[in-house]
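Some features that TrEMBL has for this protein:
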type     : residues  : note
TRANSMEM : A:20-40   : transmembrane segment
TRANSMEM : A:47-75   : transmembrane segment
TRANSMEM : A:95-114  : transmembrane segment
TRANSMEM : A:121-137 : transmembrane segment
TRANSMEM : A:170-189 : transmembrane segment
TRANSMEM : A:210-232 : transmembrane segment
TRANSMEM : A:256-279 : transmembrane segment
TRANSMEM : A:291-311 : transmembrane segment
Amino acid sequence: MSKIPGALPARPAGSSLGVSRGLILVAVAAALLAAPFVFYPVMLMKVLCFALFATAVNLLLGYAGLLSFGHAMYFGGAAYVCAYARKELGWTPEASILAGVAFSAVFGLLTGLLSIRRSGIYFAMVTLALGQLFYFLCLQSPATGGEDGIQSVPRGLLFGALDLENNVTLYYFVLAVTGFGMLAAYRAINSPFGQILTAIRENEPRAISLGYRVAWFKALAFTLSAALAGLAGATKVLVFQLASLTDVSAPMSGEVVLMTLVGGMGTVLGPVVGAAIIVSMQNYLADVGEWLIVIQGLIFIATVSLFRRGVVGEIAARLRRGRGT
Amino acid sequence: MSRLGLLLRAGCAALAIASAAPAAEAGPDDPVKIGVLTDMSGPYSDVGGPGSVEAVKMAIEDFGGSTLGKPVVIVSGDHQNKADIGSNIARKWFDVDGVDMVTDLTNSAVALAVQALAKDQKKINLVSSTHTTELTNKACSPYGVHWTFDAYALSAGTAGAVAREGAKKWYFISADYTFGRNLEENAEKILAKYGAQTIGKSRHPLNNSDFSSNLLQAQASGADVIAVANTGNDLSNLMKQAAEFQIGKSQKLVMLSAFVTDIHAMGLDNAKGSVLTEAFYWNRDADSRKWSERFFKKMGKMPTMIQAGSYSATLHYLAAVNAAGSKDADKVMQKMRDTPINDIFWKNGRIREDGVMTHDMLLIQVKSPEQSKEPWDYYDVVGVIPGEQAFQPLSESACPLIKR
């Protein structure tokens, strides 16, 4: 299991490579820190939130091989919990986000235990059904405000000191949250736990025969993924100051899978690139109307038929080939 | 290629993109900019959408094209019925592009999000669409006006007029989400005033296709009136099935919310005889007819009240900017409130302190195919509900801006 197909190697192969990798990291970090002065911060924050959401889906899809069509319920569920805690109960922003994450984690564990009893297409169907159940709960519940959603959520002061009303301050907070979430995902993937997940994906009976409690690992991966999706959803509430039905709807679950696939499933940076592509399309092409959906469809077809590894997966594969490893 | 080279190239590319991005902040001397935020491709694109954009263009044209010495600029955006996308577009319009006024705003979640944002940023939003009465109650804004109609005006108008004629027993078929329940509640409040009663109700989920159980229950209930509180495809499916059950023959069908395009979609055969309330009808008088025919030439269909509302709101806004001699939201709003709205659609419209624009509403009965003389000749205007009665009384409003 030294080489996981499609995944970035955990450790650089040589020292010269290590230097250039370090350079890339520094360049990316500098670009991210300078970005809000060049691009519109709200748009960047949206990309970051969706990057984290796609990372959560990627953790499950790319490494554990579980395709969930119900992840909007953790994303949107946490959004509602966070918005409610912030607006109606008056909790601090950080406490509201944690409440959202806690909700998704617990909810993810319960629904995860239920859905991992099946695999493949049946697993996808069970998650889809659970997602729809949750959607209609949100549509009817008085706490969520039905199709009006929870609006005008105050951003407030972070840790009682930092004013999040300032878009640039909020951007750095969202950047930190997303960075933390992605680091958590990266650590999980590049750990014995992640290796076992990949083993389960590649050959489940063999993993069982090796003595691993497969169901336990799957449930844990599911919970972790749900918690990260919840972190993304709760953070997004502070950015847009609202939680709405869009966040829990089935198309949202599909969109995030699309982001993961376009960017590159099973790669660390793939979800980020995928989220950036899809979100900026939705924003910059908002004038083309229904053509947007057609363009998204064409991009998806192009991805699956021309470069199945996604944008980042394809670049990583080219670089590896160039290096001759 | 060396990795460093690749890195440099990527860096250059990033810089090139970055330098192309807009950076200039908008100032008070920039031209007046109007944003039309609407649903360009989804379920509301027929009633608002591209038609609303065209209506705003017509308003700018009819106003003379410029104010404060500069041509008026129009931008439009598709919120795709997602509150976060709508809020993102509006935020960028306000923060970066210097948009001064946003109109249309179909979809209640989008309208509420944008109104909250506009309130914070001291920008004006004129909602020519959307049912939710929240906009002028708890979520009201000193810079937000609900222009054309709301759930109260539509359902209370119809229910009040029909109950006054003596219909005592009512049955409701409503879409089971906030929109449908809101229409139903508002209608019931009015019914109570006239001593009419609800003898039954049934609800259906969004995007239903089979209404036979709802319709048969309504038919068997012995109600005088069957009130329908849903919209779009649900409404047209329900009306078609009601016609198959011949429900309109012995019981009166009223639609608590319908647009002229809905009637066009379901056909007069299915809609004939039913009663509804609208804020605007293209063939009401010579003025509205003349304007609507201009609209028809461009869009290939007659305008809805939402599109007419976008036109009227834009015209009134531009006149106020001109009179105030400034784009400052406070000054413009003051002028807008001081001047009654008298245009080719509405006479003696007035903006109340809670943000409701009160004006006459039209009580309408749908024509039968024999009565219809030309394309789009669908309505008989059977009554006019005066503005003071058509909207929620100020005393019942939960808007914190009202001085009591």
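Every residue, even glycine, has its Cβ placed from backbone N, Cα and C.
Just so you know, TrEMBL annotations are computer predictions that nobody has curated.
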Ranked first among A:20-40, A:47-75, A:170-189, A:256-279, A:291-311 for CB pairs under 8 angstroms with the transmembrane segment (A:210-232) = A:47-75
What residues in the same chain, six or more past the boundaries of the transmembrane segment (A:291-311), come closer than 8 Å to it by Cβ-Cβ distance?
-> 6, 258, 260-265, 267, 270, 273-274, 277-278, 281-282, 285, 317
Could you name the stretch, out of A:20-40, A:47-75, A:95-114, A:170-189, with the greatest number of CB pairs under 8 A to the transmembrane segment (A:256-279)?
-> A:47-75
